[in-house]
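Input: a single structure, listed below in structure tokens.
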Amino acid sequence: MPGARDALCHQALQLLAELCARGALEHDSCQDFIYHLRDRARPRLRDPDISVSLLTLVVTACGLALFGVSLFVSWKLCWVPWRERGLFSGSKDNNQEPLNYTDTETNEQENSEDFLDPPTPCPDSSMKISHTSPDIPLSTQPGGQDNCAHAVRVQRQVTEPTPSARHNSIRRQLNLSNPDFNIQQLQRQEQLTGIGRIKPELYKQRSLDNDDGRRSNSKACGKLNFILKYDCDLEQLIVKIHKAVNLPAKDFSGTSDPYVKIYLLPDRKTKHQTKVHRKTLNPVFDEVFLFPVHYNDLEARKLHFSVYDFDRFSRHDLIGQVVVDHFFDLADFPRECILWKDIEYVTNDNVDLGELMFSLCYLPTAGRLTITIIKARNLKAMDITGASDPYVKVSLMCDGRRLKKRKTSTKRNTLNPVYNEAIVFDVPPESIDQIHLSIAVMDYDRVGHNEVIGVCQVGNEAERLGRDHWSEMLSYPRKPIAHWHSLLEKR
């Protein structure tokens, strides 16, 4: 019976307590008994109670953290934009207060005169000319706000009065009376008159051009402006490339990185190149180049301009070319002549890639075909330095399959390499009619892949000179037959 047992235990405890109080038992035993009773009377925490209290503490901490994060996010989303909106509206009101517009008749009169007059100049320090987006108003500094405030705040083209005819005639007489080709004076005048001036070619559509004959053509790739002059004392042809306009876009951004190469044909060893102008379709070069040539030889020479789009990671794209001949019909030497020429689109078939000279020799008894790569000339420049690192690769082909291939050594930094290297293939007489040779002039690139400058073929399946050269080799066995071959684009 649990109740009788508890009562019995309770009586025993009372008896022991009385004995301890009377001193009938030892003091140490009584102290142990008292401590034991005190421990039994003290409440004990159970394990489930401890786990519940810890869980409550963790949940409380997480709740406080989430509450703090929600307060921070709400402050960022609500308070900060509201404050910025208030500041922006205040500044906008302040900016709109000083705007003063003239009468309607005055505005209409000014708008009608915008396309007839050049613009009013502003200080150099207070403006930044944009060649790519002419419709955006110019940004001024605080020092130039008084002079250019109207041009900044009102998106309308303001022009300056045109110079009088008397001034133009005086300037023309001064230029014609001076036989010297003063480049610095031309550049200084262009800088003074070009600041803040609206360029008409940026605003005109390609179907509407001025009276200078600059009409767009379906195959034209813009126009090139240059100046020609002949120096009789030094016997030099002076060429100044001024600018190009309306070039086609070659990059994904809608712009190009143009530069110009110049040759005085038929000499390709003397080559000049302008600087690369980044991200523009209307580059201004203003560079002068000299070509030593006798005056009597000008009639037989041709001035060749090639406009390229610079590409840092791949082959440069040819935009177009300009060829100038019959100098005496175009220019009144020794006086300077300003010319505008259309940049003509050039297909791959018309690109001059250079020429390769090699000889062919076949020994029927030994069944040995020898091709000797002699030299190349006027190769196309593939590097940014204006040169190439060419080598020649020869492949023995049969029914479209390459049987063997050989290559020459690489000549560094040249467009006119000399090889004099022989390459031998074993070809039996019964197979000589089924094979042909594919010759490729390559540009060695240390970093990327090697690029093909041009190719040519010889054999029964070749065209024109390639077939004739092969037939001549078979007609004269054991005799080297050499010819120059023009390089073509790889198809």
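For all residues, glycine too, the Cβ spot is worked out from N, Cα and C.
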Record feature phosphoserine (Swiss-Prot), assigned residue among Ser125, Ser177, Ser256, Ser431: Ser177
Per Swiss-Prot, Asp309, Asp311, Asp317 bind Ca(2+) 2; matching candidate in Asp251, Asp267, Asp342, Asp352: Asp251
Cα-Cα distance linking Asp317 (Ca(2+) 2 binding site) and Asp445 (Ca(2+) 4 binding site), given in Å to the nearest integer: 18
Secondary structure composition of the domain 'C2 1' (220-341) [DSSP: H/G/I, E/B, coil]: 10 helix, 67 strand, 45 coil
Nonlocal residues around Asp317 (Ca(2+) 2 binding site), in sequence order (Cβ under 8 Å, 6 or more apart): Lys250, Tyr308, Asp309, Asp311
Those residues of the chain, 6+ apart, with a Cβ under 8 Å from that of Asp443 (Ca(2+) 4 binding site): Met382, Asp383, Ser388, Asp389, Pro390, Asn450, Glu451, Val452, Ile453
Cβ-centroid neighbourhood (8 Å) of the Ca(2+) 4 site, Asp383, Asp389, Asp443, Asp445 excluded: Met382, Ser388, Pro390, Tyr444, Asn450, Glu451
